[in-house]
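Annotated in Swiss-Prot:
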type	residues	note
DOMAIN	4-254	domain 'Pyruvate carboxyltransferase'
SITE	R12	site 'Transition state stabilizer'
BINDING	D13, H193, H195	Mn(2+) binding site
ACT_SITE	H16	active site, proton acceptor
Amino acid sequence: MNAPRLTDTTLRDGSHALAHTFTRQQVRDIVRALDRAGVPVIEVTHGDGLAGSSLQYGFSRVPDLDLIAEARETAERARIAALLLPGIGTRRELRAAVERGVQVLRIATQCTEADISEEHFKMAKDMGLETVGFLMMSHMRPPEFLAEQARLMESYGADCVYVVDSAGAMLPHDAAARVQALKAALTVQVGFHAHNNLGLGIGNTLAALEAGADQIDGCLRGLGAGAGNAATEVLAAVLDRLGINPGLDVLALMDAAEYVVAPIMPFQPFPDRDAITIGYAGVYSTFLLHARRIGEQLGVDPRAILIELGRRQTVAGQEDWILDVALELVRQQQTTPV
């Protein structure tokens with residue numbers, strides 16, 4: 001195993017868990033702590049990327065562009081990244097984000113739809129950005145298929161392509177097989193992004209590293225969608241124990257998690273029964289809080305909603321299905337004889 005590059009996504013994936021309420025001061029504090037601890041890339045946007053602030057995905061307390069500007073002004077060494085989902089973020093938002101200081105663009109598509117990212121990669125490269133491809137919900141397709149999609153992203157200009165376990169549904173051998181397939185197919189770097197819905201965020205990341213992953217992601221205190229992500233401070237400790245620490249200050253990251261992030265967290269992401277259901281059913285991790293809220297409003301078990309969403313193979317961008325499924329379950333309850 002080689003020392004990987006770590007991207008911290010507390011200020012993007014963690015936005016889901018905080019209902020997109022990060023403040024300017026919180027961004028400054030988190031970026032400063034990560035930067036001083038040696039984290040090389042820090043991702044900052046709404047949980048659903050540039051222009052994600054909306055009725056569909058939830059409104060941000062502070063506009064993304066303002067948070068990006070705060071991050072760039074605060075970071076002394078780290079590069080600032082942003083996420084963009086084609087169909088949500090547009091050229092206008094990308095240009096504005098670059099003006100505010102974005103240096104790395106991570107372009108995310110469903111793992112079956114890499115072809116919709118071509119113009120976004122080309123525009124980002126024309127603007128001089130480092131580009132990373134994200135194949136979301138990678139558990140839904142076999143390794144060979146993912147490799148074909150990754151080759152498309154490479155041909156469009158991706159400097160790295162990630163296997164993304166959006167549902168936290170993979171087991172270690174799943175993560176390893178997909179990373180191996182991409183390593184065999186690509187000439188660019190390969191990354192892995194984990195979620196912890198089955199309690200395997202760290203384990204799957206290690207399996208990905210053993211399979212040759214060049215880049216990995218983490219969030220301080222595991223703050224992220226569903227049961228959270230692989231915890232940055234834990235990853236740092238594990239990498240150090242393995243002798244492949246890429247320059248991270250392990251103790252400083254522990255302190256950042258404990259004293260900077262933990263006090264602002266409304267809850268500790270954990271594989272509780274609903275989050276486990278996300279991983280078990282293979283559902284997009286961001287659906288968790290929506291399913292809980294709607295389930296409480298309508299008197300429906302969130303797990304029933306999530307399992308049905310998994311059966312229908314819903315993906316990111318189909319949050320409106322959550323209410324539809326819940327209402328259908330209510331109707332079924334009302335027509336079932338007691």
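Count begins at 1; order follows the chain as displayed.
Placed from the backbone N, Cα and C atoms, the Cβ positions cover glycine too.
Reduced to three states, the DSSP call for D13 (Mn(2+) binding site) is helix. Each residue in T9, V164, D165, S166, G168, A194, D217, C219, G224, A225, N229, A230, S285 lies on the same chain as D13, H193, H195 and has a C-beta within 8 Å of the C-beta centroid of that Mn(2+) site, without being one of the site residues. Summed and averaged per residue, pLDDT over the domain 'Pyruvate carboxyltransferase' (4-254) gives 97. A gap of 13 Å separates the Cα atoms of H16 (active site, proton acceptor) and H195 (Mn(2+) binding site).
The 10 Å shell around the Cβ of R12 (site 'Transition state stabilizer') contains 28 further Cβ atoms across the protein chains shown. Around H193 (Mn(2+) binding site), taking its Cβ as the centre, 31 other Cβ atoms fall within 10 Å, counting all chains. When the recorded positions H16, H195 are compared by the number of other C-beta atoms lying within 10 angstroms of their own C-beta, H16 comes out lowest. H195 (Mn(2+) binding site) sits 14 Å from R12 (site 'Transition state stabilizer'), taking the CA atoms of both as reference points. Summarising the environment of D13 (Mn(2+) binding site), the number of other Cβ atoms within 10 Å of its Cβ, over all protein chains shown, is 28.
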